[in-house]
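Marked as ATP binding site by Swiss-Prot: 10, 11, 12, 13, 14, 15, 127, 136, 137, 199. The AMP binding site annotation in Swiss-Prot covers 31, 36, 57, 58, 59, 85, 86, 87, 88, 92, 160, 171. The Zn(2+) binding site annotation in Swiss-Prot covers 130, 133, 150, 153. Taken from Swiss-Prot, the feature region 'NMP' applies to 30-59. What Swiss-Prot lists as region 'LID' is 126-163, and the listing cites sequence analysis.
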């Protein structure tokens, strides 16, 4: 089972990726994680990627693709994988498809978790985190007993900079520009499947399991 996970920030991809990985016994490959691993291990590609990151530049496709290719050749990917955070562009998708075709491991499913923008805004801008113990809350879905105070240690709750409305809208705009062409690419290839990400975690995972069960 070879799967790509698509969806906007705040769609719950991380939660679903963990559940998919456990149920279908395939590694969850996050591009952020493999970048950090390569940089930490000082691999040639990691050193090159760090040079761009340290200079505040985007890591070029050839470096990103090289790091992903290297990860996909590991033994734990023999029976499949779940890619999260890659590809981000059609050019990356084409390079990935060419590589996978060459090793006889073409993609089975591009899984899109769909969530309306207003739902994401409410979900992300309502998040609060404790400045001391790191406990997470949501002003609507999981509020603290006392407004602005952590239930566990009574310290102040704050909104992270990443969760302000302006930042969330900016991230959603970047996602739209990057990902809509990618969604159309996988639609044209006939492998995209969509799930409604506004339902509960269990309901979303149930729908995903049905889709992946069909494609096994």
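Residue positions begin at 1 at the first shown residue.
Keep in mind that glycine also has a Cβ here, set from the backbone N, Cα and C atoms.
Just so it is clear, the model here is predicted, and its values are computed rather than measured.
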Rounded Cα-Cα span from residue 127 (ATP binding site) to residue 153 (Zn(2+) binding site), Å: 18
Extra residues within 8 Å (Cβ to Cβ centroid of 130, 133, 150, 153), Zn(2+): 131, 132, 134, 135, 151, 152, 154, 155, 157
Residue 31 (AMP binding site) and residue 127 (ATP binding site), Cα-Cα, nearest whole angstrom: 24
When distances run from the Cα of residue 160 (AMP binding site) to each of the binding-site residues 10, 14, 133, 137, 150, the nearest one: 137
The region 'NMP' (30-59) [mean pLDDT, rounded to integer]: 88
DSSP-derived class (H/G/I helix, E/B strand, else coil) of residue 14 (ATP binding site): helix
Outside the region 'NMP' (30-59), six or more residues from its ends: residues with CB under 8 Å to it: 17, 66-68, 70-71, 83-86
Among 10, 31, 59, 86, which are recorded as binding-site residues, the nearest neighbour of residue 133 (Zn(2+) binding site) by Cα: 10
CB within-chain contacts under 8 A for residue 31 (AMP binding site), separation at least 6: 64, 67, 68, 83, 84, 85, 86
